[in-house]
C-alpha cells in the first residue's frame, strides 16, 4: 500500500495503484515465485484468523484462477481486487464483503475496533502503532462511535469516487 506524502489528506485503503496491488500480491506469494498457490492463500487466510476449509480454498482458487493453471498470477489477482471493490457488485458481492468484514471483526460483535485492526495488521506482518489504527478507524467511522460497522466498511470498500479520505495504514 502506497505511502501518503500529503500530511493534510487521509490515506486510502483502495488498491488502485499497480504497486499497491503488487505489494499485497507479494504478501500472499510467500515463496516469491510470482504466483499464489492454494497453500499460500490458505496460509494468509489462517494468519487473518479464518478457518477456511480446503474445499473453500479450492473454490476461491477456482474463482480467481481464470487461466486454470492452478495458481493465481498478479494479473488475475488485480482483476479480482478490482471486481471486489466494484461499486456495483454482483449479487454475491455483499456476501463477499461480509466475509471480509468478519475477518477483521475478531470478537464478532458487528464492529471493527482499532484493537482488532491492529491485531490483523500485525498478523499480516505490518508494523503499525495502535494510534495509527485509531486514526484509520476514525477516517472511516462516519457515525463517530470509534468503530467501523459493516455499513461503514461496505461504503469504504465500494467508494470509487477517487476520494482519498479512507483509511490505509500510513507508511
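Each Cβ is built from the backbone N, Cα and C atoms, and glycine gets one as well.
Beyond the domain 'EF-hand 1' (16-51), the same-chain residues lying 6 or more positions past its ends with a Cβ under 8 Å from any Cβ of the stretch are 1-2, 57-58, 60-61, 70-74, 77-78, 81, 103, 106, 120, 123-125. According to Swiss-Prot, the feature domain 'EF-hand 1' maps to 16-51.
As annotated by Swiss-Prot, Ca(2+) 1 binding site applies to 29, 31, 33, 35, 40, with the evidence given as sequence analysis. Around residue 31 (Ca(2+) 1 binding site), the same-chain residues six or more apart in sequence whose CB sits under 8 Å from its CB are 40, listed in sequence order.
Sequence annotations record features per position, and here Swiss-Prot assigns domain 'EF-hand 2' to 52-87 based on sequence analysis.
The annotation Ca(2+) 2 binding site is assigned in Swiss-Prot to 65, 67, 69, 76. Counting only same-chain residues at least 6 apart in sequence, those with a Cβ under 8 Å from the Cβ of residue 65 (Ca(2+) 2 binding site) are 71, 72, 76.
Per-residue confidence over the domain 'EF-hand 3' (92-127) averages 85 (mean pLDDT, predicted model). Residues or ranges marked as domain 'EF-hand 3' by Swiss-Prot on the basis of sequence analysis: 92-127.
What Swiss-Prot records for 105, 107, 109, 116 is Ca(2+) 3 binding site. Other Cβ atoms within 10 Å of the Cβ of residue 105 (Ca(2+) 3 binding site) number 22 in total over all chains. Annotation note: residue 105 (Ca(2+) 3 binding site) sits in a coil segment as assigned by DSSP.
What Swiss-Prot lists as domain 'EF-hand 4' is 128-163.
Contacts of residue 152 (Ca(2+) 4 binding site) defined by a Cβ separation under 8 A and a same-chain sequence distance of 6+ are given as 140, 141, 142, 143, in order along the sequence. The Ca(2+) 4 binding site feature in Swiss-Prot is assigned to 141, 143, 145, 147, 152.
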Counting other Cβ atoms within 10 Å of each Cβ, which of the binding-site residues 67, 141 scores lowest?
67
Does DSSP put residue 35 (Ca(2+) 1 binding site) in a helix, in a strand, or in coil?
strand
Additional residues around Ca(2+) 3, ordered along the sequence, whose Cβ is within 8 Å of the centroid of 105, 107, 109, 116:
104, 106, 108, 110, 111, 112, 113
Look up residue 29 (Ca(2+) 1 binding site) in the DSSP assignment and reduce it to helix, strand or coil.
coil
Where does residue 143 (Ca(2+) 4 binding site) sit by DSSP, helix, strand or coil?
coil
